[in-house]
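Q: Got a structure here, written out as structure tokens. Questions coming.
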Amino acid sequence: MVFRKPPDGGWGWVIVVVSFFTQFLCYGSPLAVGVLYLEWLDVFGEGKGKTAWVGSLANGIGLLASPVCSICVSSFGARPVAIFSGFMVAGGLMMSSFAPNIYFLYVSYGIVVGLGCGLLYTATVTITCQYFDKRRGLALGLISTGSSVGLFIYAALQRELIDLYGLDGCLLIVGALSLNILACGSLMRPLESPDSPPPEKTCVDKVPEQYFVYHEKEKTVEENISILEKGYIDEKCVNNMPDYKQDSILNKNVLNSINVNEKDTYKKKVVEQTNFCKQLAKRKWQLYLNYWEETMVLFKNRVFSALFVAILLFDIGGFPPSLLMEDVARSADINEDDYHMPLISIIGIMTAVGKLTLGILADFKWVNTLYLYVTTLLMTGLALFAIPFAKSYLTLAMLSGFLGFLTGNWSIFPYVTTKTVGIEKLTHAYGILMFFAGLGNSLGPPIVGWFYDWTQEYDTAFYFSGFCVLLGGFLLLLAALPCWNACTNQSSKLPPNTYSYKVASSA
């Protein structure tokens, strides 16, 4: 497939709009699952840790399956994947309305909806990158706010729908709204050249048709040999026959000689195909070995090793508030009359503000993106330690907004990854880091829920969460100290396209 040069506009802005609404529609309910979490606790009567698995799977399974999602988009294209994933998200939400137990929700809401969201995220990012080059950062920033706006609106929407139609009706209506993803996906027109030449035929297509004579008539090479031997015996018998029979037999011999040539060609083709398969298998195995060698080289990078630990601990500790903050407010016996806006909505709108603000800061030359990212981790840890001391709606709302703003550090995470490993290894490294981020998203809320089931209060749970985030931040800060760079420069030079983290360096 031949692609044109990215137009940086035109139909690309339509792609930005539909990608924004795609992320809005698919991530709205999973990110605002905290509202549904309260209802599931009351309906099924399970522990908080077991119930939290539903929302954690929905948000983590897409990141865990990011390599599979990338392969699907590369193989089939963004538009078919988006349309298919729209059916997955809508079907999973509607199936969840008929859930008889919490285990059914693990599959319908956690896996089906989560995997559909992962596919849609990959499709929207891929098609946007194809249409934009110079304005790619702006385009990606605009579509990424779709999930944050979806969190802000869906938190209030789902609560209102539950009050009007109940939990089952809410899930059915939200699932029906998700069907609009099909319309958005149909507009994701691939960026193909209209006058591109037709694809060349493969080696198999170029083979003359006579090579495939034996495809329908004979099944094995042994049967071909037996047929040829029979023809050779018949040829010897021709000399002993009368003349009036020789003409017909000679015609058969001509056909047999043609079959001999075809047989030799067929055998040669089989040998060539066998050698090709062997070479292909060796090449795939070598690529597999190279992949793991490159992975080991990445983990030899001190900053990258600390970065994967930091992102894992950050998602274990920093993701639970967006899922459990509503239950924290209910556990603190806050009066519903003081509830002016859902806490999850506050987290959502401040996350969008944080993404834009931190992204702008990262573009300044005097800002070190790694230290900026470490600062957000340390401040997140301190905010998590403060949650047990918040006993009113106002204080919880302020902490929710602060945590939401700091969660916007996702917008600068690609910057940090690129400067750490280089642009050539960005795809490989980012895929590994996203896998650990998905693992943290999946484990964080259940761990916090288990702490509550064990202690019957959230204080210990958020102390644990804050400790995890602070530990990850301090490890990353320690790995990026300038003194390590001085020691490294004395022994060997830094590899090309890597980032030397110094206090005075620019991002």
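Glycine is no exception: its Cβ is also placed from the backbone N, Cα and C atoms.
Grabbed the feature section from TrEMBL, which reads as follows:
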- 12-40: transmembrane segment (TRANSMEM)
- 52-73: transmembrane segment (TRANSMEM)
- 80-98: transmembrane segment (TRANSMEM)
- 104-125: transmembrane segment (TRANSMEM)
- 137-156: transmembrane segment (TRANSMEM)
- 162-183: transmembrane segment (TRANSMEM)
- 303-319: transmembrane segment (TRANSMEM)
- 339-358: transmembrane segment (TRANSMEM)
- 370-390: transmembrane segment (TRANSMEM)
- 396-417: transmembrane segment (TRANSMEM)
- 429-452: transmembrane segment (TRANSMEM)
- 464-484: transmembrane segment (TRANSMEM)
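Just tell me what is around each of these and how deep it sits.
A: Note on the transmembrane segment (12-40): residues 6, 46, 51-52, 54-55, 58-59, 82, 85-86, 89, 93, 102, 105, 109, 113-114, 116-117, 120-121, 123-125, 127-128, 131-132, 139, 142-147, 149-151, 153-155, 157-159, 162, 167, 170-171, 174, 177-178, 180-181, 184-185, 187-189, 322-327, 330, 342, 344-345, 348 of its chain, located 6 or more positions outside it, place their CB under 8 angstroms from a CB of the stretch.
Note on the transmembrane segment (52-73): residues 30-31, 33-34, 36-37, 40, 81, 102, 105-106, 109-111, 113-115, 117-119, 121-123, 126, 319-320, 323-324, 431, 434-435, 437-446, 448-449 of its chain, located 6 or more positions outside it, place their CB under 8 angstroms from a CB of the stretch.
Long-range Cβ contacts of the transmembrane segment (104-125) within its own chain (Cβ-Cβ under 8 Å, at least 6 residues beyond either end) map to 19, 22-23, 26-27, 29-30, 33, 40, 53-63, 65-66, 69-70, 72-73, 78-79, 81-82, 84-86, 88-89, 91-93, 95-96, 140, 143, 181, 185, 188.
Tertiary proximity for the transmembrane segment (137-156) is limited to same-chain residues at least six positions away from its ends with a CB under 8 Å from its CB atoms, namely 12, 15-16, 19-29, 31-32, 34-35, 124-125, 128-129, 131, 174, 322, 341-342, 344-345, 347-349, 351-352, 355-356, 359, 410-411.
Long-range contacts of the transmembrane segment (339-358) within its own chain (CB-CB distance under 8 A, at least 6 residues past either end) are made by residues 31-32, 34-35, 141, 144-145, 148-153, 155-156, 159, 321-322, 325-326, 329, 372, 376, 393, 396-397, 400-412.
Sequence-distant contacts of the transmembrane segment (396-417) (same chain, six or more residues past either end, CB-CB distance under 8 Å): 141, 144, 307, 311, 318, 321-322, 325, 328-329, 332, 334, 341, 343-344, 346-359, 361-362, 369-370, 372-373, 376-377, 379-380, 383-384, 386-387, 390, 426, 429-430, 433, 507.
Within the chain, the transmembrane segment (464-484) has long-range Cβ neighbours (under 8 A, six or more residues past its boundaries) at 302-303, 305-307, 309-314, 316-318, 320-321, 370-371, 373-374, 377-378, 380-385, 444, 447-448, 451, 501-503.
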Q: Give residue numbers and ranges for long-range contacts of the transmembrane segment (303-319): same chain, 6 or more residues beyond its ends, CB-CB under 8 A.
A: 56, 59, 370, 377, 380-381, 384, 403, 406-407, 413, 416-417, 420-421, 429, 432-433, 436-441, 443-445, 447, 464-469, 471-473, 475-476, 478-480, 501
Q: Check for me, if you would, whether the transmembrane segment (162-183) reaches the transmembrane segment (370-390) - at least 3 Cβ pairs under 8 Å, residues 6 or more apart in sequence.
A: no
Q: Checking distant contacts: for the transmembrane segment (80-98), what same-chain residues at least six beyond its ends satisfy Cβ-Cβ under 8 A?
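A: Same-chain contacts beyond the flanks: 22, 25-26, 29, 72-73, 104-105, 108-109, 112-113, 115-117, 119-120, 122-124, 167-172, 174-176, 178-179, 181-182, 184-186, 188.
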